[in-house]
Amino acid sequence: MESYLMNFKFKSEIVKLLKYLTKPSILPFYVFVVIYLVVFSPHVARPDEVPFAALLKVLPIWYLAFYVYKARNTRSNWDAEDSYSAVNLNIFLCGLLMSSLGDICLVYENLFQPGVVAFAVAQFCYLLNFKRLYKTYLLAWSSIPIGIMIYIILFISMQDVSMKIIVFFYNILIHTMLFYAFSCFESKPCAATLSIMLGASIFLISDFTIAVNKWIISFSLAEGIILSTYYVAQLLLTVGVTNVTKEKI
């Protein structure tokens, strides 16, 4: 692992990652995000609980799902011995679709719990996907104390017992996902696994912001932080998993 990290050319891999993020095939994602921002301004205030808001919110994620579906079907030379395969892209695709279901639920206040459950399933799909990539880990262990600390903070702040239970299991899943995201980068540092690690980390920031805003202290910038980090996280995860086979992991 140390030799891998020592040979990691940060600048060149960042340039490669930026190329991944600016491919013409990714541009519709940015267009859908901008449309949602212009129509409902969710970064300014919580949108109205209407189906059209839910539709525009999930369009960027649905496009990422389509992007993964297309990547899976255009990859014609899958090797049965590869550590990564079309099956793993299917699992990740399911994660994106469950995330979109969670997005729809979170538009409505009374569907918050089902939304968390949907995202829990998504995190389970993501961690299964990343688990196939890791070979070693060290930095990844940092996800465990982070997860414990976050849950203690939220446990003290939450009053609803059922919500404490749901968040407990969700916290385990997202930090396990984070563990494997870090470990796959440690196993083979490259632009794709860097994207996965960054995406997982930013996803945690998005979810923690939701929790802080809901149970600890409500603040005006919350919606903007939640929205921006969430979309960036999903994009980075998608770019990572669809390009990881090119990195010969």
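Going from the start of the chain as shown, residues are counted 1 onward.
Here the Cβ of each residue, glycine as well, is placed from N, Cα and C on the backbone.
Marked as transmembrane segment by TrEMBL: 20-40, 52-69, 81-99, 111-130, 137-156, 162-182, 194-212, 224-244.
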* Considering pairs 6 or more residues apart, do the transmembrane segment (162-182) and the transmembrane segment (111-130) have at least three CB pairs under 8 Å? -> yes
* Quickly jot the same-chain residues contacting the transmembrane segment (20-40) by Cβ under 8 Å, restricted to those at least six beyond its ends, or write none. => 47-48, 53, 56-57, 59-60, 63-64, 67, 70, 191-192, 195, 231, 235-236, 239, 243
* Where, among 52-69, 111-130, 194-212, 224-244, do we find the most CB pairs under 8 A to the transmembrane segment (137-156)? -> 194-212
